[in-house]
Amino acid sequence: MVKEPNGVTRTMRRIRRIHFVGIGGAGMCGIAEVLLNLGYEVSGSDLKASAVTERLEKFGAQIFIGHQAENADGADVLVVSSAINRANPEVASALERRIPVVPRAEMLAELMRYRHGIAVAGTHGKTTTTSLIASVFAAGGLDPTFVIGGRLNAAGTNAQLGASRYLVAEADESDASFLHLQPMVAVVTNIDADHMATYGGDFNKLKKTFVEFLHNLPFYGLAVMCVDDPVVREILPQIARPTVTYGLSEDADVRAINIRQEGMRTWFTVLRPEREPLDVSVNMPGLHNVLNSLATIVIATDEGISDEAIVQGLSGFQGVGRRFQVYGELQVEGGSVMLVDDYGHHPREVAAVIKAIRGGWPERRLVMVYQPHRYTRTRDLYEDFVQVLGEANVLLLMEVYPAGEEPIPGADSRQLCHSIRQRGQLDPIYFERDADLAPLVKPLLRAGDILLCQGAGDVGGLAPQLIRNPLFAGKGGKGA
């Protein structure tokens with residue numbers, strides 16, 4: 001039987017079974033899990049089994065490995081990610097039988113329709129900000145439903161059905177699908193040149209789409225915008241909705257001062273209109289995470305969450321999988337090396353993480369293992385990648401993760417190595433296979449180093465492999 005939290009109208013009355021094509025994806029599995037918890041029958045297919053599909057199976061989802069037309073038999077609706085096209089046999093079969101096929105964001109919008117939706121948009125910082133909001137709301141006793149693009153460490157999942165009317169979710173601009181959402185509160189963390197193929201290579205079109213997204217808010221809704229970002233500041237006058245700004249800038253409505261970082265923990269003071277200054281700390285390094293915390297504080301304050309709960313929720317935040325996740329210590333001659341895994345795959349994200357490391361551990365060397373994500377992104381942001389990757393002390397580059405793209409001449413990791421080497425910043429090392437990394441990197445490591453594995457592709461599997469590798473006799477740690 002389908003059930004809804006108190007005060008939430010039941011939706012999708014004619015729908016019983018929901019089939020997800022590409023159910024293992026970060027944006028898909030969370031929605032599937034919430035629907036399972038609501039009592040819907042859920043099935044889904046993916047190209048390979050994973051911890052995600054196994055988890056959904058334990059919760060009652062029927063999982064198919066591979067895409068076959070018959071997988072969708074009995075479904076009342078198909079949910080597809082932007083990576084799935086009409087030629088997919090399950091989609092083609094559903095269309096032939098006049099079964100509705102909807103994008104992932106439309107299903108998320110349906111979940112949000114009768115809830116108090118809080119949607120977090122922006123090129124960078126969506127997952128962490130969404131996670132922080134969910135954590136602070138939970139600390140305030142509001143028990144939100146959340147759908148996040150990464151695993152919330154405290155909950156062990158990237159989605160959860162709460163008992164309240166609140167739903168907190170990421171709003172994805174990569175395919176402009178966030179335009180389906182009609183939240184009560186919307187955050188814009190920043191706007192950067194990424195996923196430009198969606199916008200025909202036109203940055204102005206991207207900016208206009210963010211403006212359109214914010215105007216999906218009702219006239220009594222709230223836009224929460226980071227004025228430290230120049231593009232967000234630029235579109236601010238176009239937003240005809242109630243707005244609160246945040247940042248480090250002196251003209252921000254809510255701002256952070258007295259910022260101090262030691263290792264993983266960051267302390268700062270929050271200034272809010274008509275409120276006493278609030279001293280907070282968060283167990284994450286970097287100014288970018290101060291900004292993510294400020295967005296959370298704006299929304300929590302607006303929803304009436306107590307300062308005590310805000311401080312508790314931020315201080316006790318246990319992080320998100322692959323967002324500066326500390327795996328533990330690798331044993332090397334003379335001591336150990338801190339092993340960190342991170343999802344950052346845009347030059348601005350890479351720069352923010354490097355800055356956080358330099359700020360929290362100024363005496364340590366940074367040994368970086370990086371995998372570019374998509375040939376098009378590598379091509380479009382090539383000079384930015386050359387500049388930022390050259391800031392490591394030691395750099396190992398894995399081949400580009402294609403994400404379904406064909407190689408582009410001159411936009412690969414070998415060429416990046418060549419360009420960085422030519423500038424005399426350092427001498428990068430190129431490698432192709434996961435198994436090559438441990439013997440390559442071990443002689444390069446010194447006691448006290450930080451080893452950062454970063455990128456959005458299969459580089460995400462390297463840190464778990466290294467911490468178990470007998471070459472290092474590693475002692476595992478908890479994700480940060």
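Along the chain as shown, the residues are counted starting at 1.
Here the Cβ of each residue, glycine as well, is placed from N, Cα and C on the backbone.
Annotation source Swiss-Prot lists ATP binding site at Gly122, Thr123, His124, Gly125, Lys126, Thr127, Thr128, citing sequence analysis.
Neighbour count (other Cβ atoms within 10 Å of the Cβ, all protein chains): 26 for Lys126 (ATP binding site). Reduced to three states, the DSSP call for Thr127 (ATP binding site) is helix. Within 10 Å of the C-beta of His124 (ATP binding site) we count 22 further C-beta atoms, all protein chains included. Look at Gly122 (ATP binding site): DSSP puts it in coil. If you take the C-beta of Gly125 (ATP binding site) and look for same-chain residues 6 or more apart in sequence within under 8 angstroms, you find Thr189, Asn190, His288, Leu291, Asn292.
For Thr128 (ATP binding site), the same-chain residues lying six or more positions away in sequence with a CB closer than 8 A to its CB are Met284, Asn289, Asn292, Val320, Arg323. Same-chain residues at least 6 positions away in sequence with a Cβ under 8 Å from that of Thr127 (ATP binding site) are, in sequence order, Ile148, Gly149, Gly150, Glu170, Val320, Arg323, Tyr343.
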